[in-house]
Each structure stands twice: as C-alpha cells, then as structure tokens.
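Asker: This is the structure I have questions about; it appears just below.
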C-alpha cells in the first residue's frame with residue numbers, strides 16, 4: 001500500500017460532512033468561511049511515549065487526538081468546522097490505521113467536522129491535528145477577561161485521568177474495574193463543545209484543563225492580570241476515586257492534566273444561570289475558587305482550605321521541557 | 001527553560017505582522033477572514049532523517065519548513081495569511097531554536113504571514129506546519145481543470161535539489177562549488193507565490209513539483225481525467241548541472257522532488273501571455289508537455305523525445321510507504 005492508497009483508504013471516508021468546497025486531494029483544501037464570524041485556530045502534537053502509551057488502543061488514540069483539539073475550540077466558545085491531520089507512522093500497519101481512523105472519524109462525525117487535509121509519512125509515531133472553528137465576532141471566550149471578585153468554575157469531575165496515569169507509572173494501585181473507568185476518562189475525554197457555546201456572554205474567561213487546574217488557572221491569572229484562590233475542599237473529585245484516601249483524591253484532582261474539562265470565570269451575579277446550565281447539559285458545574293486583585297509577593301494561584309487558610313501545593317503545570 | 005518560556009522567547013517575535021485578532025497564548029487564535037474569499041488550507045510534516053538530514057543547518061530548516069507550505073498555497077493561487085507550528089524536539093537546544101526560528105520568521109516576514117498558534121513538545125525531531133491562505137472565491141488553481149490539448153508548463157529550472165540528495169546518498173559526485181549551489185536549491189526553495197497569484201484566470205490546472213514532475217503531472221492527469229506527454233528534451237535543467245552528462249541532467253530534472261516549482265496547464269492561446277509573465281517575474285516558464293484525451297492502455301504520463309517517440313522512464317513519484 002502506498003501513501004496515496006493509504007490516504008484514500010483510511011482518511012477519505014464517504015461519511016464525512018461536506019464542509020469544504022474542495023477537500024482532500026489537491027495542494028490545499030478550499031473552504032468558505034461563515035460571514036460574521038471569527039475563526040478560532042488551534043494545533044496539538046501528540047508523541048508516542050510522551051502523550052500516550054505506545055500500546056494504547058488505536059481507536060481510542062484516534063478519538064483522543066481529535067478530542068484534545070475540539071476541547072481547545074470548546075474553551076473559545078467556537079463551533080468546530082474542519083481539521084487537518086499530520087501523521088508520522090513507523091509502518092503502514094493496516095489494522096492500526098483502520099482502528100485509528102475509525103476512532104478519529106467517530107468523533108469527527110459527532111461534531112460535524114471535516115478532515116480537509118493531511119500529510120502521512122514514515123517516522124516515529126507522532127500525530128498533529130490542527131483545527132479551525134467559527135465563533136460569532138466578538139463573542140469568543142478568552143483567558144484575559146476575568147475580573148476581581150469573579151467566581152472560578154470547573155465542569156465535570158476531576159482526577160480520574162490523573163489516576164490512570166499514576167497507575168501506569170506505579171504511583172498508584174487501582175482495582176481493575178476502577179482502572180478501566182479511569183482509563184476511559186484518560187483515553188476518551190468528552191470535549192465540552194456545547195458547554196463552551198453556552199458560556200458565550202456568561203463567562204468572563206475560559207480555558208480547558210489540559211495541564212492541571214492549578215497551572216491552567218494560572219494562565220487565566222496571568223492573562224487577566226489577577227490572582228486566584230482555589231478552594232481545595234470544593235474540587236469535584238471523580239466518584240470513581242471514592243475508595244482512595246481523601247488526600248490522594250484531592251491530589252489527583254489538582255494534578256490532573258488530560259481532563260479536558262472547562263475552567264471558567266464569571267461574576268457572582270451569574271451563579272443561578274450557571275447552575276441552570278449544569279442541569280440543562282446534565283454536567284456538574286462546580287464553583288471552585290475566586291479571582292482576586294494582584295498582591296505583591298502572593299502566588300498567582302493559592303490553594304486554600306474551608307476556612308480560607310493557605311495550603312501548600314507543589315504540583316505546577318505539566319511542562320514538557322521541565323526538569 | 002520551560003515550554004512556555006521557549007514559546008515566548010523563540011516563537012512570538014515582535015516583528016510578526018498583525019494578521020490575527022488574538023495570536024499565540026490562548027486556547028486558540030482568533031482571526032477575521034476576508035470577505036469574498038475562500039480559504040486554502042494545507043499541512044506538511046517533516047521528519048528528521050526522512051525529509052531532511054539531521055545535520056541540516058537549523059536556519060535553513062526553519063526556512064524550508066515554511067517554504068514547502070507556502071508552495072502549496074502558491075499552487076492554489078492563494079495569498080498566504082497565517083500558519084501554526086507543531087514541533088517535537090529531542091531537547092530544548094537554545095542555539096538550534098534560535099537559528100530555526102530566525103529562518104522560519106525570515107520567510108514568514110517576506111510573505112506577511114503570522115504564526116498564530118503552536119505546540120512544542122519533547123520527541124524525535126518532527127516539524128508540522130499548517131498554513132491558511134485566501135483566494136478570491138472561484139479563482140483558485142486546482143488540479144482538475146486541465147483540458148485536452150492544453151500545454152504543460154513548469155516554472156524555474158529543475159534537477160539541482162535532486163542532485164544534492166543524490167550526492168548525500170553517494171549516487172553522484174559533485175564539485176564543491178556545484179554542491180553548494182545545489183544545496184541552496186534543496187534547502188532554500190523559493191515558493192512561487194507571486195507566480196501562483198498571476199496564474200489565476202490563466203492556468204487551467206496547477207500544482208507544485210514536490211514529488212518529481214512525472215508523478216506530480218500524473219496527479220493533474222488523474223484529477224482532470226486526461227493523460228499527458230512530457231517532452232524530455234524541453235525540460236529546463238538547472239545550469240549548475242551543466243558539467244554532468246546529458247542523460248544524468250535529464251534524469252535529475254525528471255526525478256527531482258523537492259523543487260517547489262509550479263507545474264501548470266494552459267490553453268495554447270495563452271502562450272504569449274505566459275511568456276510575458278516569465279519576463280515580468282524574471283523567472284523561466286518552459287513549455288514541457290501537453291495534455292491529451294485518455295487512451296486505454298496508455299500511461300498517464302508518457303515521456304517522449306523530440307520526434308514524439310515514447311521513452312522509457314522508471315522513476316515514479318516519491319512514496320513514503322513504497323518498497
């Protein structure tokens with residue numbers, strides 16, 4: 001099978017939504033942007049052994065490769081429209097490609113996004129997806145709009161993805177059924193696209209939790225020129241972790257990157273609306289902190305207990321080039 | 001240096017054109033598309049040891065990584081506007097990053113394109129750039145518009161990039177000065193963006209020569225439902241190869257992928273206009289073949305001599321998964 005056959009066979013299914021005017025097969029795809037919208041553009045690169053275990057199920061890898069990009073658009077409040085795929089493969093393994101592409105297109109179809117271009121080459125297993133979405137001009141959720149006094153919210157529950165990683169690195173021992181549910185969370189995160197759309201006009205700032213909530217909230221602080229308090233006891237820990245010691249649950253909820261939940265800020269006047277959204281989307285939305293004016297010498301994100309007393313926390317954001 | 005410092009230091013220079021409404025630093029970039037235009041989207045992935053030699057000069061690698069994408073947009077007749085960069089690096093080598101990013105932004109500035117997003121991670125050296133350009137709706141150059149009887153043209157001169165590769169693989173011995181000039185062509189190709197723009201309304205089909213002219217012209221044949229004759233003796237061989245035997249020159253000109261010249265079709269009535277373009281752009285434009293109606297049993301692309309007699313040619317397009 002050559003490169004062109006491979007693309008035809010696995011990456012050009014008849015089931016694709018017809019978003020593009022001209023799709024795969026030319027020097028570039030051609031697309032007509034929607035009037036009155038800005039485009040939101042994001043890119044991710046996943047490397048075997050770093051972002052995923054080399055033995056991960058390929059269907060799930062295909063799913064997750066797109067999910068992480070959809071999550072970035074969700075955090076902007078954008079409707080995802082099209083994506084490209086750059087794929088380096090050690091070999092043209094047909095069973096792997098079949099499963100990978102099915103996982104990818106399963107999620108693509110759910111969100112009506114079209115694969116409009118790609119590049120396939122031989123090399124160490126590396127996946128890069130770039131995605132484009134559209135959001136009505138001026139309504140995008142960014143990291144820089146939070147105000148002093150805003151509440152900090154997070155969607156869903158946290159910690160299970162981190163637990164699955166901790167198990168693989170022998171830092172934790174989970175019962176088999178518990179592990180399976182944690183792996184589901186790690187390998188098949190749900191991008192919160194509908195929630196992101198609903199937060200337009202409501203949230204003052206938003207991002208997706210991909211490096212751990214402490215580090216991620218730190219990005220909002222930096223871009224908004226504020227600091228934040230994070231309520232340790234309010235963090236919504238995944239119930240699957242209920243059998244673990246409380247301190248471990250909290251640590252996992254704090255450290256967990258790879259959750260792809262949305263962390264957002266909103267004025268206190270919006271609490272009722274936000275709790276209504278939680279019902280509407282059948283998704284927990286939990287108030288986990290508040291934004292504060294900057295203070296010389298204070299940490300950007302301070303973990304506090306139920307009495308507002310500062311707690312120590314040493315886990316920063318995940319850093320690919322850190323020590 | 002951590003991942004965030006690395007991005008700030010090397011990939012967010014003050015000299016960037018302000019194409020984006022919101023650039024690097026959020027979950028996604030925000031951009032306003034031009035009214036009346038379609039977008040042209042393309043992606044490439046370059047892997048160390050496959051698309052470039054591991055010891056290549058990093059400035060040149062940065063330049064070329066963007067050049068190959070600009071070339072795809074040139075082949076569509078589009079104006080390049082923004083790009084994203086996904087980069088896996090074995091280590092955060094500051095000297096390498098400094099040179100790589102300077103080479104990249106040198107070319108980006110020449111074309112007024114902005115780096116609007118990226119992902120940097122540790123891994124085997126892999127570079128993926130995705131680019132977006134804009135072209136007035138309905139005027140893009142595709143591979144599927146050629147007609148029976150159209151001339152086939154190619155820009156520039158061919159063979160030098162292939163010669164540089166052949167030298168590295170010991171298939172050829174070039175004199176040092178000759179090698180240097182061939183390496184310039186291989187490592188710093190000029191994307192033919194202005195020519196692509198000028199060909200709108202003139203060329204019936206167009207692509208860039210990235211896999212060798214025989215294979216690339218084959219793509220136009222397939223998409224246009226035609227076959228082609230390629231005039232062996234008309235191929236514009238790079239004068240730097242003048243000292244080599246004629247047969248070697250021809251072989252290099254035919255086999256040369258990595259040339260990033262434009263190959264395009266146009267009706268014979270356009271010859272004068274095209275030769276005028278050559279003068280205007282100070283760039284050779286050579287008529288190298290013609291498109292023909294399909295014929296059962298005939299090769300898609302047939303190499304012919306000066307008398308129109310068929311010549312054998314065994315080199316197909318470069319195929320990353322071929323034997």
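Cβ atoms are placed via backbone N, Cα and C, with glycine included.
So TrEMBL lists these for the protein:
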type	residues	note
BINDING	B:27, B:42, B:72	Mg(2+) 4 binding site
BINDING	B:27, B:72, B:208	Mg(2+) 3 binding site
BINDING	B:44, B:72	Mg(2+) 2 binding site
BINDING	B:44, B:119	Mg(2+) 1 binding site
BINDING	B:51, B:258, B:318	substrate binding site
BINDING	B:118, B:119, B:143, B:210	ATP binding site
BINDING	B:211	Mg(2+) 5 binding site
DOMAIN	B:25-135	domain 'PurM-like N-terminal'
DOMAIN	B:149-292	domain 'PurM-like C-terminal'
Asker: Going by DSSP, is residue B:143 (ATP binding site) sitting in a helix, a strand, or coil?
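Answerer: In the DSSP reduction, residue B:143 (ATP binding site) maps to coil.
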Asker: Among B:119, B:143, B:210, B:211, B:258, these being the binding-site residues, pick the one whose CA is nearest to that of residue B:72 (Mg(2+) 4 binding site).
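Answerer: Sorting the binding-site residues by distance from residue B:72 (Mg(2+) 4 binding site), the top entry is B:210.
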Asker: Taking CB atoms only, which of the binding-site residues B:210, B:211, B:258 fall under 8 A from chain A?
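Answerer: From B:210, B:211, B:258, none lies near chain A.
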Asker: Does anything in the same chain, at least 6 positions from residue B:42 (Mg(2+) 4 binding site), have a Cβ under 8 Å from its Cβ, and if so what?
Answerer: B:69, B:72, B:73, B:76, B:130, B:131
Asker: Using a Cβ cut-off under 8 Å and a sequence separation of 6 or more, which residues in the same chain sit near residue B:208 (Mg(2+) 3 binding site)?
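Answerer: Set apart from residue B:208 (Mg(2+) 3 binding site) by at least 6 residues yet with Cβ under 8 Å, we have B:71, B:72, B:74, B:75, B:192, B:216, B:260, B:261, B:262, B:263.
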Asker: Which of the binding-site residues B:27, B:118, B:211 has its Cα nearest to the Cα of residue B:51 (substrate binding site)?
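Answerer: For residue B:51 (substrate binding site), the closest Cα among B:27, B:118, B:211 is found at B:211.
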Asker: Just name the winner among B:72, B:119, B:211, B:258 (the binding-site residues) by count of other CB atoms within 10 A of its CB.
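Answerer: Compared across B:72, B:119, B:211, B:258, the most Cβ atoms within 10 Å surround B:72.
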Asker: Go through B:27, B:44, the listed binding-site residues, and name the one with the sparsest Cβ surroundings, counting other Cβ atoms within 10 Å.
Answerer: B:44
Asker: How big is the Cα-to-Cα gap, in Å, between residue B:258 (substrate binding site) and residue B:27 (Mg(2+) 4 binding site)?
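Answerer: One finds 34 Å between the Cα atoms of these residues.
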Asker: I need the CA-to-CA distance for residue B:119 (Mg(2+) 1 binding site) versus residue B:210 (ATP binding site), whole Å please.
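Answerer: About 26 Å separates the two Cα atoms.
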Asker: Compute all pairwise C-alpha distances among B:118, B:119, B:143, B:210, the residues listed as binding ATP, and give the largest one in whole angstrom.
Answerer: 32
Asker: Would you count the other C-beta atoms found within 10 angstroms of the C-beta of residue B:210 (ATP binding site) for me?
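Answerer: Its Cβ has 23 other Cβ atoms within 10 Å.
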Asker: Measuring Cα to Cα, how many Å separate residue B:143 (ATP binding site) from the residue listed as 'Mg(2+) 5 binding site'?
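Answerer: Spelling it out, the Cα of residue B:143 (ATP binding site) and the Cα of the residue listed as 'Mg(2+) 5 binding site' are 15 Å apart.
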Asker: Say you check the Cα of residue B:27 (Mg(2+) 4 binding site) against those of the binding-site residues B:44, B:118, B:210, B:211; which is nearest?
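Answerer: Answer for the nearest of the binding-site residues: B:118.
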Asker: Please report the number of other Cβ atoms within 10 Å of the Cβ of residue B:51 (substrate binding site).
Answerer: 20
Asker: Could you tell me the C-alpha distance between residue B:211 (Mg(2+) 5 binding site) and residue B:118 (ATP binding site) in angstrom, no decimals?
Answerer: 27
